[in-house]
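Quick notes on the structure that follows.
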Amino acid sequence: MEGILVPLITPFAADGSLAADALAALADDVLTQGASGLVALGTTGEPFALDADEKQTVLDVCAQACAEHGATLVVGAGGSDTASSAAALAAHPRADAALVPVPYYVRPGEAGVIAHYARLAADSPVPLLVYHVPHRTAQPLSPATLLTLSRLPNVVGAKIASGMTEDAITLLGDCPENFAVLAGDDAYLSPMLALGARGGITASAHLCTDQFAQLVSAWHKGDAATARPLGHALNRLSTALFAEPNPTVLKGVLHAQGRIPTPDVRLPMVPASARTVAAVLTLVCP
Ligand SMILES: O=C(O)C1=N[C@H](C(=O)O)C[C@H](O)C1
């Protein structure tokens, strides 16, 4: 569980249906360019707006691409209660790991979060990655809670999207050696790698995927002279991509590049402004 895992967008055709061919091409493209794996049905893939058949298509396309490339397949699963999260996990026995968000909206407290993951990990057919994203879940976690989660059997890593906060830094310093901390906040990818993250799950890496992979490899080799300026350049790209809600800008850029048939998103998302998309296009490598 290391390197850059790309949480794929879900492309839509002009008639509103899922564009499976474009999804397969994107998957192949990022894996060819050096991504180590894919995340199917991550937040970036708008899973909240897909029906059961569409989710299955996304999974099948991503599983096939990962099998062809010998890459890692992570599946986004889970919700705001434990029983439905366990049912979602049971449906993904083929994945290498499941990315499970801290239960959102209900704010169960830290003891509830620990009990949630302990139950899921005990029953899950696949290893779990904790997805800590407090700006979406409204559930902060202390460093002690993250360390407790990192020691649960069958919890193999965490995607940390809480910025360079004390919880992230403590986890990087004190988690078990075989626990994979992955950066989940694109703007903090380079600093997280510098502090020991194994890689990242970053939507920005749909673009310039080879450079994101190079950033991971440079920090892992201790080549700060290469990593620092590259990290700053990619951070400028990520900041521009997240100027409006993800994945609206990213879809606008991929469409402008001719890689997906439309820039469409499903409600309640609305397309990004042309100006924001144009700002990213000026930064994207040829
Ligand atoms: O889908 C994901 O996984 C990601 N989602 C984040 C978000 O939209 O908050 C961003 C990150 O790049 C990956």
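Each Cβ is built from the backbone N, Cα and C atoms, and glycine gets one as well.
Per TrEMBL, active site, proton donor/acceptor is recorded for TYR131. For LYS159, the entry in TrEMBL reads active site, schiff-base intermediate with substrate. What TrEMBL records for THR44, ILE201 is pyruvate binding site. According to TrEMBL, the feature site 'Part of a proton relay during catalysis' maps to THR43, TYR105.
The recorded positions listed here (THR43, TYR105, LYS159) include LYS159 as those with a Cα within 10 A of the Cα of ILE201 (pyruvate binding site). Checking the recorded positions (THR44, TYR105, LYS159) against the residue listed as 'active site, proton donor/acceptor' with a 10 Å Cα-Cα cut-off leaves LYS159. Checking the recorded positions TYR105, TYR131, LYS159 for a CB within less than 6 Å of any atom of ligand 1 leaves no residue at all. For TYR131 (active site, proton donor/acceptor), the count of additional Cβ atoms within 10 Å of its Cβ stands at 26 [all protein chains shown].
In this structure the alpha carbons, written CA, of LYS159 (active site, schiff-base intermediate with substrate) and THR43 (site 'Part of a proton relay during catalysis') are 12 Å apart. Comparing TYR105 (site 'Part of a proton relay during catalysis') with THR43 (site 'Part of a proton relay during catalysis'), their Cα atoms are 15 Å apart once rounded. Residues within less than 8 Å, Cβ to Cβ, of THR44 (pyruvate binding site) and separated from it by at least 6 positions along the same chain comprise PRO7, LEU8, ILE9, ALA203, ASN246, PRO247, LEU250. For LYS159 (active site, schiff-base intermediate with substrate), the count of additional Cβ atoms within 10 Å of its Cβ stands at 29 [all protein chains shown].
ILE201 (pyruvate binding site) falls within a strand when secondary structure is assigned with DSSP.
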